[in-house]
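So that you can see what the record holds, here are the features copied from Swiss-Prot:
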type	residues	note
ACT_SITE	Y153	active site, proton acceptor
BINDING	12-35	NAD(+) binding site
BINDING	S140	substrate binding site
Amino acid sequence: MVFXLPNKNVIFVAGLGGIGLDTSREIVKAGPKNLVILDRVENPAAIAELQAINPKVTVTFYPYDVTVPLSESVKLLKTIFDKLKTIDLLINGAGILDDHQIERTIAVNFTGLVNTTTAILQFWDKRKGGPGGVIANICSVTGFNAIYQVPVYSASKAAVVSFTQSIAKLAPITGVTAYSINPGITKTTLVHKFNSWLDVEPRVAELLDEHPTQSTTACAQNFVKAIELNQNGAIWKLDVGRLDPVQWTKHWDSGI
């Protein structure tokens, strides 16, 4: 079912980052009713810019660190739901790339996303009388083909791809659908300088810069196309300016 952004209420976690900010720009152009940005660092200039792009959209900001306890995530979301009454789309976009920081990489890239998703299910789960909703999880192409010099980052993204697939299959029970957004190498600060695991390749950032890349604008435009297509369980690859579905190969089935 197509997801029409006009008049919708959207929460965007990390909506002020590289890909995040350009995606926020594209989202406000599409005319949702509310865009609620949750990010670790406030950027008043960016919020003002987003509001100016489309004055009919209400853009609000709440400080949010995805590594807080689950109870804190629930508390923040309750504040938002109390104000807006309904949320139609949650975008989970927080991420770091630094394999020196093993625990934080897992905490931000995976555990924080799981907790934010778990928190919003308190309000969306149809078993609790909720209306359901849609989740777009920003993962990475490294989630299905690792950059082996950054195995911690790659593994954290693979975990999110797997988690998203499970959430999608649970849609008949919860009423919540989900799909993953997997950008290829995109020109952001994330890939300009970062650390490989155990410094196995000190030049990994430089080497990646030699790989075909895409702009954050091109990635953001395809992100919005994926939002509008709204295919539950889709694994979208956003690479070199293209939007392509990834066909996942099933090697085993639990049978349950």
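Using N, Cα and C of the backbone, Cβ positions are placed for all residues, glycine too.
These figures come from a predicted structure and were not determined experimentally.
Structural mapping of features recorded in Swiss-Prot.
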| residue | record | Cβ within 10 Å |
| --- | --- | --- |
| F12 | NAD(+) binding site | 25 |
| G15 | NAD(+) binding site | 28 |
| G18 | NAD(+) binding site | 19 |
| L21 | NAD(+) binding site | 21 |
| S24 | NAD(+) binding site | 27 |
| I27 | NAD(+) binding site | 27 |
| A30 | NAD(+) binding site | 17 |
| K33 | NAD(+) binding site | 16 |
| S140 | substrate binding site | 29 |
| Y153 | active site, proton acceptor | 29 |
Cα separation, the residue listed as 'substrate binding site' to L21 (NAD(+) binding site) (Å, whole number): 17
Rounded Cα-Cα span from S140 (substrate binding site) to A30 (NAD(+) binding site), Å: 24
Nearest-integer angstrom distance between the alpha carbons (Cα) of S24 (NAD(+) binding site) and the residue listed as 'substrate binding site': 18
Pairwise CA distance, I27 (NAD(+) binding site) versus the residue listed as 'substrate binding site', rounded so that it is a whole Å: 20
Structural state of K33 (NAD(+) binding site), classified by DSSP into three states: coil
Spatial neighbour of S140 (substrate binding site) that is closest, considering only the recorded positions G15, G18, Y153 and their CA atoms: Y153
Length of the line joining the Cα atoms of G18 (NAD(+) binding site) and Y153 (active site, proton acceptor), in Å: 17
Conformational class of F12 (NAD(+) binding site) under the three-state DSSP mapping: strand
